[in-house]
Amino acid sequence: MATNYIFVTGGVVSSLGKGIAAASLAAILEARGLNVTIMKLDPYINVDPGTMSPTQHGEVFVTQDGAETDLDLGHYERFIRTKMTKRNNFTTGKIYSEVLRKERRGDYLGATIQVIPHITNEIKDRVIAGAQGHDVVIVEVGGTVGDIESLPFLEALRQLAVQVGREHTLFMHLTLVPYIPTAGEVKTKPTQHSVKELLSIGIQPDVLICRSDRMIPPNERAKIALFCNVAERAVISLKDVNSIYQIPALLKSQGLDDFVCERFRLTCPEADLTEWEQVLYKQANPVGEVTIGMVGKYTELPDAYKSVNEALKHAGLTNRLSVSIKYIDSQDVETKGVEVLKGVDGILVPGGFGYRGVEGKIRTAQYARENKIPYLGICLGMQIALIEYARNVAGLTKANSSEFDKDCEQPVVALITEWQDAEGNTEVRTDESDLGGTMRLGAQQCHLVSGSRARELYGKETIEERHRHRYEVNNTLLPQIEKAGLKVTGLSADKKLVEIIEVPNHPWFVACQFHPEFTSTPRDGHPLFAGFVKAAYENHKKSVK
């Protein structure tokens, strides 16, 4: 069967939820038995989001094969079973870098390099490559139609529609249909102008997803269809909802999946959304609630911890609990003391980079350990837990990470480049080296120690989790820390690197070097998060007695 392409664009304003809409449609099509994948084309000049500020761009989502990608790929994996790869996300910067590399290599035989055809051809080639092996590929274009940055992508998709045939392509455009209280009605003019902008570059949308705070009345949908040259049944109303997991059912109720299948002449069974109905039932009927304190340095933008936020909610679903997240700036712990941590049922310290707020995180780990509060540390959250234990229990009073103090006397955490690879080679880095591409990235094996809490939670000896870090636990100083009682319960594939630590004689204190949040989904909560939230609930019940 030929691959079919759905191109998703957005107009009027940004942040309409193109990624959620694309993922929701993909979930319905997958529920009809189709093999679906989703791609994200980002129009910024950065080669990838790896070195971008989390407070500007949100989290960096790491794929199984180690690509540092846009957070929308996290949404995609949470909605569909297909795992994303480095083929599922690319940027303007990556496209231009590749074209310039080919030009320097002489691939273009001295031709003048231009946006059309060289840049657009590179975009088309990557979209086609990413679509291989799938029945349907949904391609989301970042940004807003009318922005100069996205023009090469839109032109490439216009060309691709001609190349593969319009019978195998569908353009889906998200727009804003605002409600004006003084007029007492929704206004369609912004949508009309957004479609006009698309038409000016040669793209006629086939489906319009109309975002609003309410359902669009039938007469307004008919008006939009008439002025925008779209079938009335293809004007879909997408109102604000309490949970993003309601959106697949909302789109299906308006026949979007039927329209898509008819357009592509696909014969497939009705979508079975039973799993999503179960998710929504659990979400609407919790038996209790917990408050998790998330202590980090990017707390002013919750999207910086998007996958962690979602994983906590998924763990709530697994345990039939409502999870409330209290964001705590780690610098507040330094300046105001541990008082800011009181009233939470569990404490989570997520990943991060840089020295700012680190001492606050270390005090947080100490507070959780000494007060028997359930603690989950992720990546840096594991490293600071190790530093805290080394300082306050193992007697290594000057313990630190070489990330925060290059000259520290007791570097219990050290640069990844100080470790030898399988061939005995050590990578050399200087102050001039690029930050990009210097980390342990992607899915890697981990061996769990028998009898440990981690082994009990996972229910198996070997697991695979995703990494994104430069620093490792220093094996030279580790024996002294273990002698003081800290348990190493997870080791890398070669059993040389620490992956999980646990504090004994504590209700629940687990920290991991990897990022478990990247593999959590609403249908399959992650064992570590599920165990953590359950322990937090047990702590909550004690506190209210």
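The backbone N, Cα and C atoms fix where each Cβ goes, and this holds for glycine too.
Binding of UTP is attributed by Swiss-Prot to Ser14, Lys187, Thr188, Lys189, Pro190, Thr191, Gln192, and within the candidate set Lys40, Lys223 the record adds Lys223 to that site.
According to Swiss-Prot, Gly352, Leu380, Gly381, Met382, Gln383, Glu403 bind L-glutamine; the candidate from Arg466, Arg468, Arg470 that the record adds to this site is Arg470. Within Asp65, Asp70, Asp72, Asp206, the residue that Swiss-Prot lists together with Ser15, Leu16, Gly17, Lys18, Gly19, Ile20, Lys239, Asp240, Val241 for binding ATP is Asp72. Packing around Ser14 (UTP binding site) is summarised by its Cβ count: 12 other Cβ atoms lie within 10 angstroms of its Cβ, all protein chains included. Look at the Cβ of each of the binding-site residues Thr188, Thr191, Gln192 and count the other Cβ atoms within 10 Å; the largest number goes with Thr191. Of the candidate recorded positions, Asp72, Lys187, Thr188, Thr191, His515, the one lying closest to Cys379 (active site, nucleophile) when CA atoms are compared is His515. Ranked by Cα separation from Thr188 (UTP binding site), the recorded positions Asp72, Glu140, His515, Glu517 are led by Glu140. For Glu517 (active site), the Cβ neighbour count at a 10 Å cut-off comes to 28, with all displayed protein chains included. A Cα-Cα distance of 44 Å separates Lys223 (UTP binding site) from Glu517 (active site).
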